[in-house]
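Structure, as structure tokens:
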């Protein structure tokens with residue numbers, strides 16, 4: 001499931017705030033043939049990180065390693081909301097004050113009558129998530145993310161919510177490509193970009209573990225203090241999700257899943273790691289995990305001896321240590337690997353916060369690529 005508990009602009013255009021005819025070869029193909037591709041990408045990454053302009057860094061709060069939530073405001077005067085900055089969706093929405101669902105009674109709601117800048121667009125909307133659904137209508141108002149200001153930003157107002165009870169956020173701010181968004185609306189990141197908010201159309205995440213404070217999302221550039229070594233750049237293979245191609249998944253030198261290559265979504269709105277059930281079961285067998293109440297558990301002592309699970313992406317290994325893929329809840333140690341993606345795709349994995357806590361991630365809209373490096 002998706003949730004496990006699953007922006008005209010007021011800014012300086014030069015500031016960075018922390019996406020007969022003859023067929024020609026692409027630049028990537030030409031560089032690869034001349035063995036220059038890695039050097040080219042490293043130089044591009046260096047330029048991206050070396051910008052001396054100001055990066056806007058927005059704090060996120062870690063709720064028990066299950067969700068990373070940041071504050072935004074909507075309206076005039078501003079009304080504050082806690083939202084998930086979600087790379088797995090493209091829409092912004094918050095509950096409306098007239099919402100009748102139980103989830104809305106435990107979250108902050110937006111009151112259109114209290115905002116002088118609100119405009120009702122009126123179109124009804126329905127948005128589906130992995131474990132929930134919202135129904136409501138479209139509105140438009142001023143939205144603020146820190147010092148970023150997006151007037152006349154379209155957003156959803158929920159009138160009914162299912163699957164969002166007791167979650168530590170009021171709404172969702174989507175950062176996927178526009179193709180994932182509601183028709184005839186501009187996602188907030190694209191709205192900010194089109195008004196010159198960013199010198200570089202990128203955003204990045206640093207997600208820590210076991211600490212409420214310290215996690216951040218940054219806009220317009222990257223801060224090298226949050227990662228070690230160099231960023232490794234991976235082309236986006238499908239431009240609606242932040243989707244990449246993965247070579248294989250292995251343990252102890254043996255390929256256990258994705259043996260012929262597969263696809264993976266990098267999703268900050270999902271806390272666990274999801275894959276096809278049969279392949280996830282193979283991984284659990286190598287862990288000697290047993291099924292208890294629909295979850296796979298291992299002896300807590302096994303964390304000391306289990307091997308890392310290694311994701312090979314674009315020829316580079318990204319190991320996940322057992323201390324990361326086994327989580328202790330009370331006196332039980334459980335695997336973070338979950339099945340079920342075969343319901344929507346036979347060959348797709350979802351790498352959620354468990355993976356992204358280990359690797360600082362940069363989402364480059366202009367060049368359609370994702371950068372990964374070990375997080376500090």
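Every residue, even glycine, has its Cβ placed from backbone N, Cα and C.
Taken verbatim from TrEMBL:
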{"type": "SIGNAL", "residues": "1-15", "note": "signal peptide"}
{"type": "DOMAIN", "residues": "68-373", "note": "domain 'Peptidase A1'"}
{"type": "ACT_SITE", "residues": "86", "note": "active site"}
{"type": "DISULFID", "residues": "99-104", "note": "disulfide bond"}
{"type": "DISULFID", "residues": "258-262", "note": "disulfide bond"}
{"type": "ACT_SITE", "residues": "267", "note": "active site"}
{"type": "DISULFID", "residues": "300-333", "note": "disulfide bond"}
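When the recorded positions 86, 258, 267, 300, 333 are compared by Cα distance to residue 104 (disulfide bond), the shortest distance belongs to 86. Recorded residues residue 262 (disulfide bond) and residue 86 (active site) have their alpha carbons 22 Å apart, per Cα-Cα distance. Confidence over the domain 'Peptidase A1' (68-373), given as mean pLDDT on the 0 to 100 scale, stands at 95. Between the CA atoms of residue 300 (disulfide bond) and residue 258 (disulfide bond) there is a gap of 27 Å, rounded to the nearest whole number. When the disulfide-bonded residues 258, 262, 300 are compared by the number of other CB atoms within 10 angstroms of each CB, 300 has the fewest. A separation of roughly 43 Å, to the nearest angstrom, links the Cα atoms of residue 258 (disulfide bond) and residue 99 (disulfide bond).
Cβ neighbour density within 10 Å is lowest for 333 among the disulfide-bonded residues 99, 104, 333.
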